[in-house]
Each structure stands twice: as C-alpha cells, then as structure tokens.
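**Q** Have a look at the structure that comes next, please.
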Amino acid sequence: MPVTSDDPLDEVLKPPPDETLEQRQIRLEREAEARRVSAAIDASIKAERQARRKKRIVRLLLLGQSESGKKIAMSFKILLSDRSLGKSTTLRQFQRLYTPTAFREERILWRAVIQLNIVRSIRTILDALSHPPPNSPYSSPRLRSRSISRSRPTGNLTNSPPFHPVTLDIMGNSHYNQSNGGVDMHFSYGSPPQYPPPLPPQQRSMHYNGYTQHDEDEYPDSDTEFTIANYSHPNVPGYNHGSPRSDPSASSTSTLNQTPLDALKARLAPLTHIEALLIARLVPPNEEEATHLAGPGEYQSGVDEVPSPTRSHFSHPNNQHQPPNHNGNGSGFSPGHSRNSSLRNQEIFIRPGAGWKGGLSRARVNGSGNIASTSGSSQRPMSAGNTGLETPDEPQEVLHACRKDLIQLWHDEGVREVLRRRKIRLEEGSGFFLDDLERVTSLKYMPTDDDVLKARLKTVGVSEYKFEMEVSAGRDSGAEWRIVDVGGSRSQRPTWVPFFDDVDAIIFLAPISGFDQVLAEDRTVNRLEDSVLLWKAVCSSKLLANVDLVLFLNKCDILEKKLKSGVRLAKYVRSYADRANDLDSVSKYLRGKFGAIHREYSPNPRKFYAFCTSVTDTATTAGIIASVRDMVIRQHLKQSKLL
Ligand SMILES: Nc1nc2c(ncn2[C@@H]2O[C@H](COP(=O)(O)OP(=O)(O)OP(=O)(O)O)[C@@H](O)[C@H]2O)c(=O)[nH]1
Ligand SMILES: [Mg+2]
C-alpha cells in the first residue's frame with residue numbers, strides 16, 4: 001500500500017512511474033551525490049560556527065546594533081548623548097589604535113572634509129563681516145543701520161518659543177508637561193527666556209531647578225541645579241580667540257580697510273565653487289538630504305549659547321533679511337547651486353559608513369578603487385598613502401591660490417573684533433583648521449592623524465564598522481571589532497532604541513565643556529543639562545539594567561580653556577557654589593554628580609567607570625581606550641564563564 005504524505009514536495013520528487021532500470025541507477029547516483037554535497041555543506045557550516053566561537057568578536061556600538069549574540073561575542077555599545085561630542089572621533093581613535101595601516105591609508109580621504117571645514121569657517125567669517133555689529137570695524141552706516149534694526153530687542157515675548165516644564169525621554173524627545181513633579185526626568189525652569197535677547201549683551205539667566213539642592217562634597221547627590229545663561233561668557237579679552245600672532249605665518253595683524261576687504265572677499269569668491277564641489281564629492285548623488293549647506297552655528301560652538309539676532313536670521317527661513325551673496329555686500333559666498341537658501345544653515349552630514357569614502361576613493365582611482373565596504377582591512381583606496389606627495393586636487397589648488405588672503409583674513413584685527421563682538425569662537429568649535437592655514441593649504445598637504453581626529457563631519461543614521469585588530473593586544477589579538485556609529489542629535493535618538501538589545505557595556509559621552517551652551521536643536525536646553533537628563537534616562541532604563549556603563553566626560557581640553565579664561569561653572573550650575581573653578585575640581589564634581597545619578601537611578605547595583613577625556617588627544621585617549629577594552633573583555637569573559 002503506497003505511503004501517503006502531506007508534503008507536496010514528495011509528489012514532485014517521487015520517481016516517474018515508468019522509470020527504467022538505467023534511469024533508476026542514474027537517479028540513485030545523483031541522490032547519493034546530493035547527499036554527499038549536503039553533508040559537506042553541513043560539515044563546513046559546523047566548522048565555521050566552531051571557528052566563530054573560537055574567534056572573539058568585539059562589538060563596539062556607538063549606539064548601534066550588535067549582532068544576534070548567538071555566537072560568543074564581546075559586545076559593548078558606546079552610547080553618546082547629544083551631537084558633536086565625539087562619537088565619530090572615538091571611533092576614529094579605535095581605528096587609529098587598532099588598524100593603524102588602514103587609518104593611515106584613509107587619511108588622504110579626509111582631506112576633502114578638512115577642505116570643507118576650512119571653507120565653511122571662512123564663510124562664517126565672511127557672513128559675520130557682512131553683518132558686523134554696530135560700531136564695529138567694517139560696519140558701514142548702511143550696514144550698521146541694517147544690523148541695528150535686525151538686532152533690536154522686540155521688547156515683547158510674542159516671538160518667544162513656547163516655554164514649559166519639559167520631560168526629556170531617553171531618546172531626547174521633549175514632552176511638555178503641565179506639572180513638575182513625580183517622574184524622575186522632569187525638570188522645570190523658573191522663568192522663560194527672552195528672545196531675542198537685548199543688546200548690548202548682558203547676563204541673563206533662567207533657572208533650572210528640577211531637584212532638591214544639597215550641599216555637595218566629594219560624593220554629591222545627583223540633584224544638580226543649573227542656571228542656564230544665554231550669554232555664555234563674560235567679555236574676557238582674548239577668550240577663545242587665540243592670539244592673532246599664534247600662526248607664525250601670519251603676514252599682518254593690521255585691520256584691513258573696507259576697500260581692500262571687499263577686494264579680498266572678491267578674490268575668495270572661488271570658494272563658493274569649491275564648497276559645492278566638495279559637497280558633491282562627499283555626498284552620494286541620491287542623498288538629497290545630506291547636501292544641505294551648513295551655517296555657522298552648526299560648527300562653531302561659540303554661537304550656540306547666544307540666540308543672537310545673527311542666529312535668529314540663520315534659524316528662521318522666513319526671516320526678511322536676505323542671505324548674503326557675492327553680488328552685494330554679502331559674504332562673497334553663495335550656495336553655488338539652486339537649493340533653498342535657508343538650507344545654508346544646516347550642517348552637511350553623511351550617512352555613517354564609508355559611502356563617502358568610497359565616492360572619494362573612486363574619484364581618486366578613476367573608478368577602480370572602492371572602500372564602500374566599512375571593513376578597515378579590506379579594499380583600501382589604491383592611491384591612498386602616506387607619502388605626502390598626493391596629486392593636488394582642484395579644491396586644494398584653489399585653497400592654495402587663496403592662502404595669503406585666507407591667512408590675512410583670519411589674522412586681521414578688525415575681523416577678530418567682529419567675531420568677538422558676534423561671540424563667534426571658531427577655535428572652540430568643530431573642524432577648526434584656521435590656525436594651520438599655511439600647512440593645510442599647501443599643495444602637498446596630507447592630513448596628519450590629529451587632523452583626521454579634528455575634522456568634523458556630522459553623522460546621521462547608523463552603521464557598523466568592522467575591522468580586524470592589526471595590533472596584538474594580549475588576549476585581544478585577532479579579535480574582530482564591530483563598531484557602530486550613530487548620529488547623536490535629538491532627531492536621531494529614536495534610531496538608537498533597536499540597538500539597546502544584547503549589550504555588554506555602554507560608553508556614554510557627555511561633553512562637559514558645554515555647560516555654558518545650549519543645544520542647537522532646542523535653544524532652551526543647556527547642553528550639560530541635556531547630558532545629565534540623558535544619563536539619568538540611560539541609568540534608569542530597565543532594558544539596560546544589566547549593562548555596565550562607562551562614562552566619558554569629554555572635551556575636557558575645551559573645558560579647561562574655558563575655566564582658565566574666567567568662565568565660572570557656578571554661574572550655570574548653581575549648586576557648584578564657591579568651589580574652585582579649575583579643571584580638577586570641576587571634573588571631580590561632575591564625576592561625582594554623574595556617579596550619584598548612576599547609583600540612584602540604576603535598577604540594579606552595577607559598577608561605574610568614569611574617565612575625563614579629550615578624545616581628540618591621541619596620547620591620553622589611547623590609555624583610556626585600552627582600559628575600557630580590557631574592562632569590557634574581562635567583564636564579558638566573566639559573564640561567559642570563560643574566565
Ligand atoms: N577639542 C576637542 N574636540 C573634540 C573632542 N571630541 C570631539 N571633538 C571634535 O568635535 C567635533 C565633533 O565630534 P564628532 O566625533 O564628529 O561628534 P559626534 O558625537 O560623532 O557628532 P554627531 O555625528 O553629530 O552625532 C569633531 O570636529 C571633533 O574633532 C574633544 O575631546 N576635544
Ligand atoms: Mg558622528
């Protein structure tokens with residue numbers, strides 16, 4: 001009696017009813033061969049699985065996803081609050097340390113980013129010169145009156161942003177609340193900010209008072225009271241403006257007259273073309289979003305704190321004031337293409353991954369090279385090298401041709417005065433290369449390691465970078481690292497959630513130098529406060545309850561400069577009171593605060609590791625990254641019961 005089966009495949013696969021002996025023989029041989037191949041595949045899969053088990057995979061998530069976790073994997077995530085605080089720089093540090101060859105070979109690709117950083121800095125200066133503050137150098141009567149009319153306070157708050165008690169969820173989304181109590185992420189402000197602020201600048205503050213205030217000592221409680229000042233700095237002469245003579249190549253520190261200045265601006269007009277060219281090179285053609293042009297506020301931290309009239313011009317597309325252009329009294333820059341001019345405000349960004357590098361690489365090797373793969377050890381750009389003898393490209397040639405004017409502009413005393421009055425502190429911001437113009441505009445310029453770490457390219461999205469350790473690191477040698485980098489701005493934070501799963505450790509970066517600045521995306525929120533809130537959210541997350549947290553209190557180098565220049569933390573964090581205003585005391589205090597939050601908000605007790613970092617500093621960061629790596633590996637091995 002024939003055996004019946006429910007499987008429709010049986011019907012299809014069964015031998016034909018009129019099969020001859022010869023056909024049967026062939027069929028059986030084929031089936032035997034298929035079984036042999038299948039067994040070989042099974043064996044190979046098994047061997048691969050065993051090999052993967054033996055091979056350690058270190059997953060470093062810059063707020064990104066680890067893999068399934070089925071295999072024995074070292075995985076930890078780097079969680080970074082806010083934007084521009086060093087996630088991508090930390091990633092680059094890992095690459096520099098553990099895949100130095102790949103890092104070196106890719107340095108040339110960063111030249112385009114650095115060129116764009118320079119062009120953007122220059123545009124910031126020229127934009128500022130186009131709208132100089134009243135009675136400052138270069139303010140013609142006409143410009144002066146325009147500037148004054150733009151900068152007058154409105155005298156009423158009808159244009160003020162809504163201002164309510166706010167709850168920040170773990171993703172940084174604000175939820176406005178009617179009440180102020182109960183939930184641990186609530187905080188409130190005592191008074192709304194005035195907007196725009198009155199001129200001339202004067203100290204104005206709003207109070208953040210979300211928690212009970214205590215006197216703190218070495219281990220303060222987690223309640224931090226912030227006073228958010230919208231003017232960040234006292235008018236300390238020379239603050240963050242560097243010395244005009246700091247670049248030995250400076251040809252003069254005199255103030256240009258208006259006419260030579262106009263001539264100089266005209267000579268810099270080709271930078272408009274270069275800017276468009278660089279954007280086209282860096283951004284894939286179909287990435288419409290990423291072609292937005294940056295405005296100054298996005299990459300100079302100095303203006304973030306002041307919602308000045310200049311900023312409001314940049315912030316509101318409908319502002320009556322026309323963007324400057326090279327035909328009028330403008331900066332000499334125009335967007336260089338037909339995009340909406342309001343987009344000039346936005347910082348250029350890339351999707352993470354090496355797509356932009358792939359594009360540049362292809363351009364350089366005429367289509368034959370491609371490093372679109374994110375693997376640091378595979379498919380390197382064929383023409384990349386570290387000889388310093390790279391063929392100069394068009395942007396480099398233009399920058400080289402403009403170098404004297406660029407240097408003169410940057411070292412001009414009148415220009416410095418305008419920047420000072422506008423509170424534009426390029427030196428403090430990201431992607432600052434103007435003190436190195438002589439070097440970086442040379443025709444044979446090859447970015448150094450430090451240059452690559454200093455370069456600024458905003459991240460949007462999530463991407464995993466894989467690389468094999470080139471450098472033997474004890475137990476770590478041969479491990480595969482997977483680092484996921486993400487965009488850190490508030491709008492990007494919802495993309496983090498899926499990556500919270502299956503994590504061994506988190507590195508959280510808090511840019512503590514931002515204590516006197518506000519978020520670009522929400523100018524009612526102090527940057528440090530935002531980090532504190534996000535830290536609380538991460539600590540209290542049940543999803544992450546068993547994950548060890550590592551805290552990087554980052555940008556300590558900028559913090560130190562700020563404190564030394566006379567900016568007092570106590571002005572912004574009232575509970576800091578009359579403690580010493582130096583790096584040691586401030587970092588110790590903030591470390592204590594973050595540690596206390598960690599203790600108070602963690603669902604389960606866990607270890608707390610904190611480091612004061614300047615992740616652009618190669619020497620100090622190397623040691624810190626090595627400690628973190630060892631700690632994570634130890635912890636992982638412990639958990640895997642392999643230790
Ligand atoms: N001086 C100083 N600059 C830093 C430090 N960390 C990062 N930077 C600079 O700050 C800028 C922003 O750093 P990124 O690493 O791009 O910031 P991010 O967190 O990836 O920012 P998004 O991509 O916007 O989320 C870069 O130009 C860095 O060189 C630091 O500790 N000190
Ligand atoms: Mg980034």
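Placed from the backbone N, Cα and C atoms, the Cβ positions cover glycine too.
What TrEMBL shows for this protein is this:
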| type | residues | note |
| --- | --- | --- |
| BINDING | L453, K454, A455, R456, L457, K458, T459, N554, K555, C556, D557 | GTP binding site |
| BINDING | T459 | Mg(2+) binding site |
| COMPBIAS | 11-23 | compositional bias 'Basic and acidic residues' |
| COMPBIAS | 215-224 | compositional bias 'Acidic residues' |
| COMPBIAS | 243-255 | compositional bias 'Low complexity' |
| COMPBIAS | 316-328 | compositional bias 'Low complexity' |
| COMPBIAS | 367-389 | compositional bias 'Polar residues' |
| REGION | 1-23 | region 'Disordered' |
| REGION | 129-256 | region 'Disordered' |
| REGION | 289-341 | region 'Disordered' |
| REGION | 367-393 | region 'Disordered' |
**Q** Measure from each Cβ of the binding-site residues L453, A455, L457, T459, K555, D557 to the atoms of ligand 2 and list the residues where some distance is under 6 Å.
**A** T459
**Q** I want to verify one value. Collapsing DSSP to three states, which class is A455 (GTP binding site)?
**A** coil
**Q** GTP site residues L453, K454, A455, R456, L457, K458, T459, N554, K555, C556, D557: biggest Cα-Cα distance, Å?
**A** 23
**Q** Counting only residues 6+ apart in the same chain, whose Cβ is under 8 Å from the Cβ of D557 (GTP binding site)?
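**A** Spatial neighbours, sequence-distant, of D557 (GTP binding site): S513, S614, T616, D617.
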